[in-house]
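For reference, the structure discussed in these notes is given below.
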Amino acid sequence: MARYVFITGGVVSSLGKGIAAAALAALLQARGYRVRIRKLDPYLNVDPGTMSPYQHGEVFVTDDGSETDLDLGHYERFTGRSANRHDNITTGRIYRNIIERERRGDYLGATVQVIPHVTDEIKNFITTGNEESDFVLCEIGGTVGDIEAMPFLEAIRQLHNELPRQSVVYMHLTLMPYISSAGELKTKPTQHSVKELQSVGIAPDILLVRADRPIPESERCKLSLFCNVRPSAVIQALDVSTIYDVPIAYHKEGLDSEILSAFGIDSAPEPKMDRWEDIAYRIHHPEGEVTIAIVGKYTGLKDAYKSLIEAVAHGGLANKVKVNIEWIEAEIFEKEDPALFLQKVHGILVPGAFGVRGSEGKIRAIQFARNHKIPFLGICFGMQLACIEAVRNLAGIENASSSEFCETKDSVVGLMTEWLKGDVFEKRTASGNLGGTMRLGAFIAQLKKDSHISKIYGTTSICERHRHRYEVNIHYKDILERFGFVFSGMSPDGVLPEAIEYNNHPWFIGVQYHPELKSRPFDPHPLFSSFIAATVEQSRLF
């Protein structure tokens, strides 16, 4: 039977509950346990798919096409286990499920209430489908004290009494701020956060305390006394230079041992930390450096590109180099010469996005990469714009654009109205809802034999995750191929372009899918490994 660790956060948001959950899962995995991680988000959106990147950050897409919280990306990267739609739920989805049942009459005339109906729905989500897991880690989004989180806290309180003894552990992540004028770390915010948690009937078993400097033993004892936890259960979580140091740091502080002790497990095998130590060594001892430019439109919030940042780092690990990222807001290139920003970088990456804003700037960046033979990777929107750039500047069709931007007879990129998902055709219309209506999840693509991309993958059949509503118009394939482009990846039915490359260039590839979503530190995605390898070669030309 699965054991449950409920992870809550207090004092402030963005403390890193997702990283803490992922790191703990990695430590339990290293001891040989089977671990599942789930994220419960208190917001009323059904999913984050229609939320602004500035509000939410990245939308992480799973193989089964679920649009989820970016923390699921951390879970996958740290554990190597692919998540699915059953690993993330929101208040919006819970309420929608309940209202649908009420309309069907499933509640037999009962008054539908937060307790028991909402809390029961939450508990069902937490406890269903865990037969193959030894531990289930549940991260509760938001901060203790938020009104939106109250039903979730009540649900996990109830589970403590409903599950067998020693089946539930509560871990609370807090912050100990350093007050420079006093020269002290302060415990009071943590005390008040724990008091807030205790007021809803939850007594934390473990305190994971974020701090920017070592916590004195006297302060740990103080937290132990006033928060009613064992001294050994006050774990310091010091700032580290990379998230891949976190599992090692938490193990040294005894987090995994304390978790097992709280469950009454005294004979657990020692964790095998070799691969984490190897990753940490390669990060801290690179054999060189390269610089790439990411030309985006959400660069004001780096969380909008979280998986991309990590995938680039994984490419660096594969090549034993540190990758420096120059973040460039695409709109700058609509006024400034791209050469001022791009002439010294070793690679250019144009990531996914939506909407016309910044598109012309990205097109100019792509043109610069193509003309100056700088390694280029275009992802999703980046591939679409690479096709538009080529049709304009190589084929001479000046009005080439996307139907997403404007009405034009030269729509190189258009709205997909239907596509094959497995054996079923899915259809969309321009007037349909935005939420959950894209081509989402893992799809097979066939790669052209002996193409650059097929050599990178080492195969001609791949399965990658997608998230897009628009697609390159297949009718422009012949035009682009006359000017040196190759449509090197297609959907199995030959209708949807999946990858392009430019023969007159050392490394120029665009893909319609999102390879960053499947990259892992222990298994870097081949496209990013190859892209960074190309930037290493480019750096030798400087």
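Heads up, the Cβ atoms here are built off N, Cα and C, so glycines get one too.
Here the structure is a predicted model, which means the values were calculated and not measured.
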In Swiss-Prot, ATP binding by Ser14, Leu15, Gly16, Lys17, Gly18, Ile19 extends, among Asp64, Asp69, Asp71, Asp87, to Asp71
Recorded L-glutamine site member, picked from Arg3, Arg104, Arg465, Arg469, that accompanies Tyr54, Ala353, Phe381, Gly382, Met383, Gln384, Glu404 in Swiss-Prot: Arg469
For the CTP site that Swiss-Prot assigns to Ser13, Asp146, Ile147, Glu148, Lys186, Thr187, Lys188, Pro189, Thr190, Gln191, which of Lys39, Lys222, Lys252 is also named? Lys222
For the region 'Amidoligase domain' (1-265), would you mind checking the mean pLDDT of the predicted model? 96
Using C-alpha atoms, which one of the binding-site residues Ser14, Gly18, Ala353, Phe381 comes nearest to Thr190 (UTP binding site)? Ser14
Looking only at Thr187, Thr190, Gln191, Gln384, the binding-site residues on record, which one has the least crowded Cβ, with the fewest other Cβ atoms within 10 Å? Gln191
Proximal residue to Lys188 (UTP binding site) among recorded positions Leu15, Ala353, Gly382, Glu516 (C-alpha distance): Leu15
For Gly18 (ATP binding site) and Ala353 (L-glutamine binding site), what Cα-Cα distance in Å is obtained after rounding to a whole number? 24
Hey, of the binding-site residues listed (Ile147, Met383), which one tops the CB count within 10 A? Met383
Can you tell which of the binding-site residues Lys222, Ala353, Gln384 lies nearest to Asp71 (ATP binding site) in space, using Cα positions? Ala353
